[in-house]
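The active site annotation in Swiss-Prot covers Glu50, Asp68. Marked as disulfide bond by Swiss-Prot: Cys24-Cys139, Cys45-Cys129, Cys80-Cys96, Cys92-Cys110. The domain 'C-type lysozyme' annotation in Swiss-Prot covers 19-140, and the record cites sequence analysis as its basis. Summarising the annotation, Swiss-Prot assigns signal peptide to 1-18.
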Amino acid sequence: MKAFIVLVALAMAAPALGRTLDRCSLAREMSNLGVPRDQLARWACIAEHESSYRTGVVGPENYNGSNDYGIFQINNYYWCAPPSGRFSYNECGLSCNALLTDDITHSVRCAQKVLSQQGWSAWSTWHYCSGWLPSIDGCF
């Protein structure tokens, strides 16, 4: 019983992977990273629908065995190297684990690369973001 209590205490003390942002904190951080202001509402919409603004999310396995990582749910078959060592084109040149941290710099840079090569439709949730977008006007 003591061992169980110790294990529970250790599990609770262990730092959680990632963090949860909100629309405004995401918009401000992305703006500070140089993302054009006219894109910020779209990125906020995508992050809301892909991960609920959570940086530590690994999505369920896709039909082809790949997974999606981080706040923008970036796919490990094309864009990042999975921890399993499975083949990846790794177009962003980074480990998928880099997309799960509190620092969103890698996620933002990789997402911008996805956008430049495939457009907004690279995200399956884009149809939620093609009309009304969340306002970021009060965020700055």
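Each Cβ is built from the backbone N, Cα and C atoms, and glycine gets one as well.
Using DSSP to sort the residues of the domain 'C-type lysozyme' (19-140) gives these counts of helix, strand and coil: 56 helix, 9 strand, 57 coil. Glu50 (active site) sits 9 Å from Asp68 (active site), taking the Cα positions as reference. Put simply, Cys80 is the one of the recorded positions Cys45, Asp68, Cys80, Cys129 whose Cα lies nearest to the Cα of Cys92 (disulfide bond). For the pair Cys80 (disulfide bond) and Cys45 (disulfide bond), the Cα-Cα distance reads 22 Å. When the Cα of Cys139 (disulfide bond) is compared against those of the recorded positions Cys45, Asp68, Cys96, Cys110, Cys129, the shortest separation belongs to Cys45.
Between the disulfide-bonded residues Cys45, Cys80, Cys110, Cys139, Cys80 has the most other Cβ atoms inside 10 Å of its own Cβ, all protein chains included. Straight-line distance linking the Cα atoms of Cys129 (disulfide bond) and Cys96 (disulfide bond), rounded to a whole number, equals 25 Å. For Cys96 (disulfide bond), applying a Cβ distance below 8 Å and a minimum sequence separation of six or more within one chain yields Val58, Asn67, Tyr69, Gly70, Ile74, Asn76, Cys80, Ala81, Pro82, Pro83. The Cβ neighbour count for Cys129 (disulfide bond), using a 10 Å radius and every protein chain shown, is 20. Each of the disulfide-bonded residues Cys24, Cys92 was scored by how many other Cβ atoms lie within 10 Å of its Cβ, and the smallest score goes to Cys24.
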